[in-house]
Amino acid sequence: MRKRSIYGWLVALVCFIVLMIVTPAIPQSQEYHNFADQRNFFGIPNALNVISNFLFLVIGLIGLVLCHHGNYFRLSLQGELLGWTCFYVGVAAVAVGSSYYHLKPDDGRLVWDRLPMTVAFTSIMAIFIIERVDERKGTVSIIPLLLAGIISIVYWRFFDDLRPYALVQFVPCIVIPLMAILLPPMYTHSTYWLWAAGSYLLAKVLEATDEVIYDWTHHIVSGHTLKHLVAAMVPVFLTFMLAKRSVEPERQSLLKTWRVSWTKFREGNANVESYCYSYTNVQAMEPH
């Protein structure tokens, strides 16, 4: 088992090296800092993009309290408490880092916006490995994944190349929904993972359409402000999941659950059609 883990990490490292060799560098565009809504309110520059981060602070602090106050979330697996603590610390820190960045957007401040997000991304990956793959492997992977995320930020800042950061950000967006669907969960209410993934995807769409939405809403709100609010729903959904879930007595993947539900649905429709057909025949045979 240990050899398989080493081989897995080596394969991932080789794939990363090959990707870095065959793909061009991705520099940070300075247009990224030019947000649609640059209005000042109450003396706060770019006010709505700053204030909209407040929800991250609220949900991050709530999550930390519930993790450590009487073990409200009933975290029992090795590494779970550390993983979720890192996640909620990252979420709360997003509020500080993103607000600091949006007060005066530039590359130097963007580091403090992206760093806490990276902590949250990598923590979630480790948590998923703990729950869906192997408890010990997931626990051991927490620190290496956090370091990989931090290194991706440092690499971008020194070499102006976003490729490692892009991997850290988008690989979990692909892997986590797939794992949520294909691998049997240890806990109930695992569909909340998909709601969280959907919220993050929608947030990225809103980010990409920042100016378009600002125009659509007649300069009431921009896509980037809405992106903050929708992205904050990711930890909200995961907090609801932690509060509601219990140990899954019958571990089966969402894919298998959906297949069983679809089969029952089809069988139910077939029974209804059979009943209707029989009833029609009886009616036809009765004398008028």
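Numbering starts at 1 and runs along the chain as it is shown here.
Positions of Cβ are set from backbone N, Cα and C atoms, glycine also.
Here is what TrEMBL records for this protein:
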TRANSMEM  7-27  transmembrane segment
TRANSMEM  47-69  transmembrane segment
TRANSMEM  81-103  transmembrane segment
TRANSMEM  115-133  transmembrane segment
TRANSMEM  140-159  transmembrane segment
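Tertiary proximity for the transmembrane segment (7-27) is limited to same-chain residues at least six positions away from its ends with a CB under 8 Å from its CB atoms, namely 159-164, 166-167. Annotation: stretch 47-69 has the most Cβ pairs under 8 Å to the transmembrane segment (81-103), among 47-69, 115-133, 140-159.
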